[in-house]
Every structure is written in structure tokens, then in C-alpha cells.
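Visitor: Sharing a structure below in C-alpha cells format, with a few things to ask.
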Amino acid sequence: MASVTRSVFGDLPGGAGTVEKFHLQSDQLRMEIISLGCTITALEVKDRDGKFSDVVLGFAELEGYLKKHPYFGAVVGRVANRIAKGTFTIEGKEYKLAINNGPNSLHGGLKGFDKVLWTPQVLPNGIQFSRISPDGEEGYPGQLKVWVTYTLDGGQLIVNYKAQTSSTTPVSLTNHSYFNLAGHGSPNIYDHEVCIDAEAFLPVDDNLITTGKMESVQGTAFDLRKPVELGKHIEKFHINGFDHNFCLKDTKEKHFCARVYHPRTGRKLEVYTTQPGVQFYTANFLDGTLKGKGGAVYPKHSGFCLETQSWPDAVNKPHFPRVLLRPGEEYNHTTWFNFSVA
């Protein structure tokens, strides 16, 4: 069983509401989540000596989350990742979204799901957040009812996303936590061993938009089917890091996604999901200017994200797995983060 306690984290400016913090604890994990953006602000995991360390990047105070930051720990939506030129057409009608990432719309727009207050409900072993995204919010069609549930079970964090819509709309929800299994504030992730169970990945253009092609990982930097040590791998292939979608099994059943192991501490993270893709991101845009918890500095490559989701820009690429949700249907996806030591 997990215990759940709640406290006040801070007040939004202009009387816009109170942000609450929830502390979830099992025998193996300690976790803090705030009601702003359903954001994971801390996640403490044991190493092989039984010592807890916080393995997610983030801020100690609300102020850090109100300033511009790269989605640390937040739920992003209505559509995670990039939509080309912030536009798409459904049933002959063109929709224009807020442009917030070069020429594209990223992670829901200017005020996506990460920047709004959610309504919390404490559960016996976790917390459920809900909100109603109004018709037209950030340019998206249809009123969308959304529920995000975090539960702890031993060394397992389970995140479930559900949504229902009044009009046909694209939906793709994920959590944007940045992990460092050595502990947040460690200078890089080069000593992490990474494995992703994908035969194919999606190449991107200069604006980081998927080209529409699927390419085999065979013989490329994207072949992570067997574990690679990240620093050596990045060096070997002369790449800037990863910010790419890996194509998983297109099944609604739970399937293995990725494994990350940190040899020095023994910490291991295994990710399972019902989603068809995972965006593997190695924090290429962090530059050390953000001050995190405990005065930590977060330079480039000081964390990694495994954002389970639909394939990026799928709303404009009909041959990609379906991203449209219609009235009467339910969006329902789950991702499991299993922490252990080896």
C-alpha cells in the first residue's frame, strides 16, 4: 500500500487559485506531485545500498514552475509533441493552433495542460487529477474531459490517462519528466545504459517535424535494441543527442518500451506502455541557466525523457497510428515506470 498526504505548495498570481502538493510514498518510492500541470516535482528511489535519491529534475518552489521552463515533470496536452505549422484539418475544417516552437505548435500550445490547475482527488494508493478543456482551447475542437491518475505500487509508478470529447479532436497525452538515475543535479547522463525496444524510428526535418517516413534502426545511431552506454554512443555517432520518436508495438496491450540502467548506483528503470511510440529526449536544449532543487544546475544532457505517446504530427499523417478521438469513444492509455536495483 501507498500513503498519500497533501499540503499547500503556493498560490497562483492574481488570485488564480491555490496549488496543492501531494506526497505519495510506498516502501520503495517517495514522490511529490503538484496540482499545477499534474507535475511530478520529486521522485526518490533507492540505490543498491538502500539510499534514497531524487531522480527527477525540477524546482523546490512554485515560482520555478511559473517561469518559462522545459516542461519539467508535467503532463502535456491536448497533443504532446509538435504539430507542423500548428494546423490540421478534420472533416474538411481547418484548425489553427497557437504557434510556440519555431513555426510549429508544441505540447498543446501557449497555455497547454502543463500550465493549468487541475482538480485533485485523493485515492487509497495515489491521486487522480481531472479538468475540462473547453471547446476551442488553444485552437483545439471539442470540449475534452480529462483524467490523469498516478498510483504507486512498491517500486512501480503507474500513470493512466483518460479523455472524452464532444467533437472529434486529436489527443495525445504524456508526462514530461526528466530523469537522472544518478540523482538530479548530476552533471550528465553519459554513464547511463539505455535500451529501447523499437525496430524503427521517425526521422525529422530541420524543424524537428516527422517527415512521414519510418526508418529501420538497423545500423544507425537509433539502434538501441541492445543496451548502449549513452555518452560513448553519442560520441561514436557524432550526434547532438536524441529527440526522436521510436516506433513501438501498435497494440493497446501493455508492452515493453525501454530500460535504463545506472551501473554506479544500481538503479534501473523499466518502462511499459499501451502507447504506440516513445519520444526519447536527452535534454539537448538544457543549458545550465535554470537553477533547480537544492541549487542544482541543469546543463545539456543532464536528464532524459521517455515520453510515451502517439506518433508526432500524426494528425497530419493519416498513415501513422490514429490520434483522433471521436464523441462516444474513450481515450485510455497507461504507462508503467518500474524502478528496481541490480
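Heads up, residue numbers simply count up from 1 along the chain you see.
Quick reminder: no glycine exception, Cβ is built from N, Cα and C everywhere.
Pulled these features from TrEMBL for this protein:
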| type | residues | note |
| --- | --- | --- |
| ACT_SITE | H176 | active site, proton donor |
| ACT_SITE | E307 | active site, proton acceptor |
| BINDING | N81, R82, H176, S177, Y178, D243 | beta-D-galactose binding site |
Visitor: Give me the CA-CA distance between E307 (active site, proton acceptor) and Y178 (beta-D-galactose binding site), in Å, as a whole number.
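Guide: Rounded to a whole number, the Cα-Cα distance is 10 Å.
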Visitor: Cα of H176 (active site, proton donor) to Cα of N81 (beta-D-galactose binding site): how many Å, rounded?
Guide: 10
Visitor: Could you tell me the maximum Cα-Cα distance in Å between the residues recorded as binding beta-D-galactose, namely N81, R82, H176, S177, Y178, D243, rounded to a whole number?
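Guide: About 18 Å separates the two most distant Cα atoms.
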Visitor: I'd like the Cβ neighbour count for D243 (beta-D-galactose binding site), meaning other Cβ atoms within 10 Å of its Cβ, all protein chains included.
Guide: 17
Visitor: Are there any residues at least 6 positions away along the chain from R82 (beta-D-galactose binding site) with a Cβ closer than 8 Å to its Cβ? List them or say none.
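Guide: The list for R82 (beta-D-galactose binding site) reads N101, N104, S105, L106, N207, L208, I209, P312, D313, given in order along the sequence.
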